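Per TrEMBL, the features are as follows:
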| type | residues | note |
| --- | --- | --- |
| TRANSMEM | 60-85 | transmembrane segment |
| DOMAIN | 68-405 | domain 'Major facilitator superfamily (MFS) profile' |
| TRANSMEM | 105-123 | transmembrane segment |
| TRANSMEM | 135-157 | transmembrane segment |
| TRANSMEM | 163-180 | transmembrane segment |
| TRANSMEM | 192-210 | transmembrane segment |
| TRANSMEM | 216-237 | transmembrane segment |
| TRANSMEM | 297-323 | transmembrane segment |
| TRANSMEM | 335-356 | transmembrane segment |
| TRANSMEM | 363-395 | transmembrane segment |
Amino acid sequence: MERQKSIMERQKSMESGLLRKSLSIRERKHPNEDGYLETGLSSKRHKEVKKHHNEDGECCVTTSVCLITFIVVTGSFCVGCGTGYSSVAQHGIVSDLSLSVAEYSMFGSIMTLGGLIGAVFSGKISDVLGRKRTMFLCEAFCATGWLCIALAKDALWLDCGRFLLGIGVGIFSYVIPVYIAEIAPKHVRGSFVFANQLMQNFGLSLFFIIGNFISWRFLSIVGMVPCVLHVVCLFFIPESPRWLAKFGRDKECRASLQQLRGHDVDISQEANSIKDTMDFSQQSGETGFVELFQRRYVFPLIIGVGLMLLQQLSGSAGVIYYASSLYERGGFPSAIGTSVMATIMVPKAMIGTIIVDKMGRRTLLMASCAGMGLFALLLSVSYSLQIFTFLYILLDMSPCVATSF
């Protein structure tokens, strides 16, 4: 009986949401004076409001949304700086602190462990603290981590700093795309979310270039600069409207949405839509972890986990973390190699930002997977040929070595 009652309540809430949506569509097609007085707009003002929407009724991209997105993805820039640090700083850290290969390998990889821990708790932290305060917390971890690395006297301090940096990066990797997706208009959401990856590549490229000219301690101080700037800029952005609506803070939700869409735009329809969505999700209740293993969720679960594994096991992180040593072992100058990588990454990310909404996620994913597989194969073949060449030279010189004895 209780289950039937809950199902009936869900159906009623869905019907009320559809009714409200149909009424808003009717108002948009056949506006009258009274309907717009309720939202605080006159019919004359409505003509001005329509200029801020495209032909499909979608909200146009405002300067406010672009500026706020740029502020938020500064955190992604910090992520890129942390990712590229271990490659360019390897020679200086090993020589100054006399680290072994195993000790430096621990330093390079412990960021992934910190990122794993940060990612596990990122969703809960973001829901409890809010998107904005979660980004403050991330910068606290990142700034502390950079400070530990800059003042490090041994491997322990290096590992602690890198671990804290990884926690901040792990939480950032969740909260930044979520925040951008919640503030961006639907028709450009893919491009705006992809700006996260673009700024990561900017930070990575910057460290790959300047790391060839400055010491590893000063480079870690440079990594703190965007963290401090990000903290200052976060005071001027609004909280996510969807997070505010989720906790029943409707007045703040509307104020945040008005700041994002512009002061001359009627945001009542979008605000009501967000409120209906949040109310329905709360009435549906939270899904338990065990329920994910039902038969109807098998296919989406395999796709989701498979994409995450593909990203982590593709080998791209290993190449980025140890790019300098890979170039040196290949007999190529590491400074030139890392600089070439830096110049390629930014245009690549810019192209992805432009075409992601035109080509679609699936097509872009398939093309990138094919490219990663091909170039990973070429990389492995090149190192294999290098080993075979070394063995051939060694065998060719063996008669001369034998006669010398």
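Cβ atoms are placed via backbone N, Cα and C, with glycine included.
With a threshold of 8 Å between CB atoms, the same-chain residues lying at least 6 positions outside the transmembrane segment (335-356) that come near it are 87-88, 190-191, 194-195, 197-198, 200-202, 204-206, 208-209, 211-212, 323-324, 326-327, 364.
The transmembrane segment (105-123) makes no contact with the transmembrane segment (192-210): fewer than 3 of their CB pairs lie within 8 A, with pairs spaced 6 or more apart in sequence. The transmembrane segment (216-237) makes no contact with the transmembrane segment (297-323), as judged by fewer than three Cβ pairs under 8 Å among residues 6 or more apart in sequence. Of the two recorded stretches, the transmembrane segment (192-210) lies close to the transmembrane segment (60-85), with three or more CB pairs under 8 Å once pairs fewer than 6 apart in sequence are set aside. When each of 60-85, 135-157, 297-323 is scored by its Cβ pairs under 8 Å to the transmembrane segment (163-180), the top-ranked stretch turns out to be 135-157.
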